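Notes follow the structure.
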Amino acid sequence: MPIEILTIPCLNDNYAFLVHDTATGQTALIDVPEAAPILKVLAERTWQLSEVWITHHHADHVQGLGDILSAHPAQVRGAARDAHRLPALDVELRDGESFDFAGHKVDVMDVSGHTVGHIAYYCADAKAVFTADSLMALGCGRLFEGTADQMWDSLSKLAALPSETQVYSGHEYTAANARFALTIDPHNPDLISRSEGITAARAAAKPTVPSTLATEAATNPFLRAADPAIRAHLNMQHASDSEVFAEIRARKDAF
């Protein structure tokens, strides 16, 4: 494989990701919840970190950066609009821009909602999008700063990527998300089957990240605001998609 992606558990339920180009040896890190497990994998693989891509400013996604940079003097990328509350950036990124990583195009997507200024990184060559706390496995991030309309727009942008795209989200929340999803979409056979698989995976201490956009489109209630069965279940047949999404998000907040 020209691109290898490793999922690294951090803290209690965070994930960091290493993206390694096998042809050039270049390695990028997406988010830095803590340094120790990331440094361990880099040492085991004898990889030298060349870049760090930050998704948003929350401490559990950036707090290990200083220790990482002490061991690996990598270039740090992040959102220009969030630069005032991120660690020092070498490259400031804006929505719609792209950059080169080891000969692979990486697209920058503003996915505000969880925070304002949250970005995702999409690499078509890797068939991967790194969404952190925007689109999550069977869920989406809580709206700490943005509005429901903003998050719905962000999720809609992500959902428009190719269906085979692997979704690398920032937390292992999937089992709890599945329990909630079944209260919104209880008769969805794909969701029921996926929920059973998640239970088995977690019992075996296996990660449920990544998923695919096709899987999320079929099972994630936060992407399915237009679905007639969900609208009927919520008695919101005549509401807008963003209104249905907002109701689902409100119910999740209280779940």
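Placed from the backbone N, Cα and C atoms, the Cβ positions cover glycine too.
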Legend entry - Additional site residue, D90, D95, D100, D133 [criterion: listed by Swiss-Prot with H56, H58, H114 for Zn(2+) 1]: D133
Legend entry - Same Zn(2+) 2 site per Swiss-Prot - residue from H20, H171, H187, H233 joining D60, H61, D133: H171
Inset, instruction - Report the member of D60, D133 (the binding-site residues) whose C-beta atom has the most other C-beta atoms within 10 angstroms. - result: D133
Inset, instruction - Among all chains shown, work out which of the binding-site residues H56, H58, H171 has the most CB atoms within 10 A of its CB. - result: H56
Inset, instruction - Give me the Cα-Cα distance between D133 (Zn(2+) 1 binding site) and H171 (Zn(2+) 2 binding site), rounded to a whole Å. - result: 8
